[in-house]
Amino acid sequence: MCCAALAPPMAATVGPESIWLWIGTIGMTLGTLYFVGRGRGVRDRKMQEFYIITIFITTIAAAMYFAMATGFGVTEVMVGDEALTIYWARYADWLFTTPLLLLDLSLLAGANRNTIATLIGLDVFMIGTGAIAALSSTPGTRIAWWAISTGALLALLYVLVGTLSENARNRAPEVASLFGRLRNLVIALWFLYPVVWILGTEGTFGILPLYWETAAFMVLDLSAKVGFGVILLQSRSVLERVATPTAAPT
């Protein structure tokens, strides 16, 4: 009964929007190689955490974009009498990569386990309910699940600008400044995801056709993953302050 509104998956083919999926695959792969190169020679374990997490983010995203571009990560869902193309691998990507992005931010801010668990719990709930929205077979149900997912996003952003930002203010000024830049980037980009969803084919409004919807998600993904990682890992001196937050008195 609870899953009655979910449509069974059907085979689907990738259309002309595949160009954006291949660009996403290449972009994420290049980002991964860049981060691996930046991480060579880093010996401090705390600094290595940032490199490892960020490399996994773009590696997972590259694999999921490849899955979508080659037609594996796509299905069709019947909504009324219309077949919608749904890239389910996008949700698999987000399910793994967005918690890792939040973990990067949390480590930078020096958050405790409760704050990290709250952020990741809200994030997984947000992505899960978003996936249910995408796979639902009635327009009203899709919008309802989108609203629930968006509510989880707002709650997550509330914790991000509240508790996590308070933690960051207790760090060294340059660490707090870097956190602020990355936090603002995440807020701006993540807020656009539900907007693109509701305006695109998945939101059933169809103001954005699938071709441009796919392009928009690709640009957001590259900015939120590769762009985020570039800003974070270029600030090696700041990461050194995170690794050694206090200096021994001389």
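Cβ atoms are placed via backbone N, Cα and C, with glycine included.
Membrane sidedness, as given by the topological domains in Swiss-Prot, is identical for M47 and S235. Simply put, out of 19-37, 52-70, 116-135, 143-162, 181-199, 52-70 has the most Cβ pairs sitting under 8 Å from the transmembrane segment (87-104). Outside the transmembrane segment (181-199) by six or more residues, the chain places 101, 104-105, 108, 130, 133, 143, 146, 149-150, 153, 157, 160-161, 164-165, 168, 205, 207-208, 213, 216-217, 220, 223-224, 227-228, 231-232 with a CB less than 8 A from a CB of the stretch.
Only pairs six or more apart in sequence are counted, and the transmembrane segment (213-232) with the transmembrane segment (19-37) gives three or more Cβ pairs under 8 Å, enough to call it a contact.
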